[in-house]
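Visitor: Sharing a structure below in structure tokens format, with a few things to ask.
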Amino acid sequence: MACSRPPSQCEPTSLPPGPPAGRRHLPLSRRRREMSSNKEQRSAVFVILFALITILILYSSNSANEVFHYGSLRGRSRRPVNLKKWSITDGYVPILGNKTLPSRCHQCVIVSSSSHLLGTKLGPEIERAECTIRMNDAPTTGYSADVGNKTTYRVVAHSSVFRVLRRPQEFVNRTPETVFIFWGPPSKMQKPQGSLVRVIQRAGLVFPNMEAYAVSPGRMRQFDDLFRGETGKDREKSHSWLSTGWFTMVIAVELCDHVHVYGMVPPNYCSQRPRLQRMPYHYYEPKGPDECVTYIQNEHSRKGNHHRFITEKRVFSSWAQLYGITFSHPSWT
């Protein structure tokens, strides 16, 4: 009922309720529509977030279980690196004396450590080569009929330094003309305590004619960059190490006009070899691990400290025509 008295004397409670100050009263139907719209927006955001999280989980799972295939090679339009233009002077640091790594050879042979060389009687042919390159602690004593004796260069991994220097009569005195090229991460080669460089320098005091070089830190990065450029894979992210074979092949291409590789199998060898046939990984370790078991385990391992041997061989195959590389025993391109 309306108040018959003046407005100032009317009770406030007698006034009809109105909307709060500053707010506009909305019709009930509109409020319902807005509430429904807000719910739909929240649902859409939830669905999008759920989809993104699911995609991330699946991607992480696939990445963790990814097989290291050569399928993701460098882009076809990418111009390959010309290894012939790499600077020898900047890439290899003298450990003993102040010399520069001797280069060039017209014709080089790489003698692999493969047991495929056993029984080949290639020794005389290898001896006639202008320059002969061997790896790590692969001996010639007792195997010269198949692998020869001549050693112009020996490429040695940081993990094989002690195995080589413990047998100086085999690796230093037997072929005094040998030039040693040691490779390894700077943390291994030049760490403050127990530096491998110091170990090699002490050996040089005992054998003054020994000539040795280390792959420089800058060149080590180039080797990594080369692998990433050729395969599309980052070595560190794939939890692997480049093999001594990788370093040896690149060094041979740098130093030599033509390269003949003995004993290295093609990348598809293990998929075609009869399962019951066993071949030792090294010719000088007849009871050592099987060749294909070693290749396959290293290729697919995700636990680190492994080599991608098969992937590297595919890269070598792509280099064959580009750099004049020949493979034999077995023969392939």
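Note that Cβ sites are derived from N, Cα and C of the backbone, with glycine treated the same way.
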Visitor: With the disulphide bonds as Swiss-Prot has them, who is the partner of Cys108, out of Cys3, Cys256, Cys270?
Guide: Cys256
Visitor: If Swiss-Prot is the reference, give me the range from 1-26, 287-312 marked as region 'Disordered'.
Guide: 1-26
Visitor: Swiss-Prot tags one of Asn98, Asn149 as N-linked glycosylation site; which one?
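Guide: So the answer, going by Swiss-Prot, is Asn98.
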Visitor: Please average pLDDT over the topological domain 'Cytoplasmic' (1-43) for the predicted structure.
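Guide: Over the topological domain 'Cytoplasmic' (1-43), the predicted model scores a mean pLDDT of 53.
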Visitor: What is the interatomic distance between the Cα atoms of Asn98 (N-linked glycosylation site) and Cys256 (disulfide bond), given in whole Å?
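Guide: Cα of Asn98 (N-linked glycosylation site) to Cα of Cys256 (disulfide bond) measures 23 Å after rounding.
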